[in-house]
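Residues annotated as compositional bias 'Pro residues' in Swiss-Prot: 97-121. What Swiss-Prot lists as compositional bias 'Basic and acidic residues' is 423-433. Per Swiss-Prot, region 'Disordered' is recorded for 94-121, 397-433. The motif 'PTAP/PSAP motif' annotation in Swiss-Prot covers 94-97. The annotation motif 'PPXY motif' is assigned in Swiss-Prot to 124-127 on the grounds of similarity to another entry. The annotation zinc finger is assigned in Swiss-Prot to 361-378, 384-401.
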Amino acid sequence: MGQIHGLSPTPIPKAPRGLSTHHWLNFLQAAYRLQPRPSDFDFQQLRRFLKLALKTPIWLNPIDYSLLASLIPKGYPGRVVEIINILVKNQVSPSAPAAPVPTPICPTTTPPPPPPPSPEAHVPPPYVEPTTTQCFPILHPPGAPSAHRPWQMKDLQAIKQEVSSSALGSPQFMQTLRLAVQQFDPTAKDLQDLLQYLCSSLVVSLHHQQLNTLITEAETRGMTGYNPMAGPLRMQANNPAQQGLRREYQNLWLAAFSTLPGNTRDPSWAAILQGLEEPYCAFVERLNVALDNGLPEGTPKEPILRSLAYSNANKECQKILQARGHTNSPLGEMLRTCQAWTPKDKTKVLVVQPRRPPPTQPCFRCGKVGHWSRDCTQPRPPPGPCPLCQDPSHWKRDCPQLKPPQEEGEPLLLDLPSTSGTTEEKNSLRGEI
């Protein structure tokens, strides 16, 4: 306990351009379950494959990971196949299939051999649950007792950067924290440090009150491995050897975020409008990401997304949806309806204001008819008499008193020799040469 190791986890990789953050977190959560841990090359190949898969229409609705696994080419480098296989298993696990009914086999007959696998089918290898885990700040080296490594500043900065654009308690906020807890396996003291680094003092106080309530209920209910004589749950969860109790405390720490008050400002997703030339699919994707970042966890997103997909669309898409009767249809129907819509090419015409006829009244400046006062060529008269000479006919800058007087006896030009004599001298010089 308290031993500091030099090995530190790499920062959370960035999502490829065009992929939603909540989708990327699902892939990261599956990648960190691999043993040994994925390398930078594995993440690079995963990003490369997802960039190619983004061109397919599987991102419009909840992703079918089985369909995504069929898009992986044979012999694709990295561990992309294992990551997709984990997601396929998690997607199928909620609806467990019924147990197969055993068929009676006659003792005299031999069971038919299984058909050979087709060489053309590309089936990902089965996922094998790792026997040992290597998480941080709790280190689990094989064949040695668990040890604790405190938070490093770059770990906290990486987590804060991921949740900076998400609202408190939103699905993306909670999914990022779950991924960080799964990757680092923090103790109770580490979780308290993380909370103080991410949230304000008010949120820390409210979270602490809710966490104490949940811990009291859990201690009363009873937990596997919990010994009331060994101290409170928070103290036992700080022990690196008590992995089960630490997991229970981590789940309670995450559950305490569900009752925190949200942001009282107007939600940002309510002001998202479709641009005049923006594709409808891109507009719905922006709405989807904004709802993931702004809605509290557990709030149904589908009705709000359908309502905003029609009310915040531009007028042309609203007319198309209204004509087809898809104002409150499933999101897939609305996307297919507006899929072929393209903005019309509107020719920009320069509107020139016609010239008004000349006025019939005389100009206020010169008294003539036929032009406006702003077009008059007559200089503007001074507002009053000159402050120097009291003459009302000129401005101060034109006052003759400001000009220096000239002497009458001094000639303006010097006496120059006559041009005839100069010409004769030049001709004589040319003749001598």
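Placed from the backbone N, Cα and C atoms, the Cβ positions cover glycine too.
Panel annotation: around the zinc finger (361-378), no residue of the same chain lying at least six beyond its termini places a Cβ under 8 Å from a Cβ of the stretch (none). Here the zinc finger (384-401) is broken down by DSSP into helix, strand and coil counts: 5 helix, 0 strand, 13 coil.
When pLDDT is averaged over the zinc finger (361-378), the result is 84. Helix first, then strand, then coil: DSSP counts for the zinc finger (361-378) stand at 3 helix, 0 strand, 15 coil.
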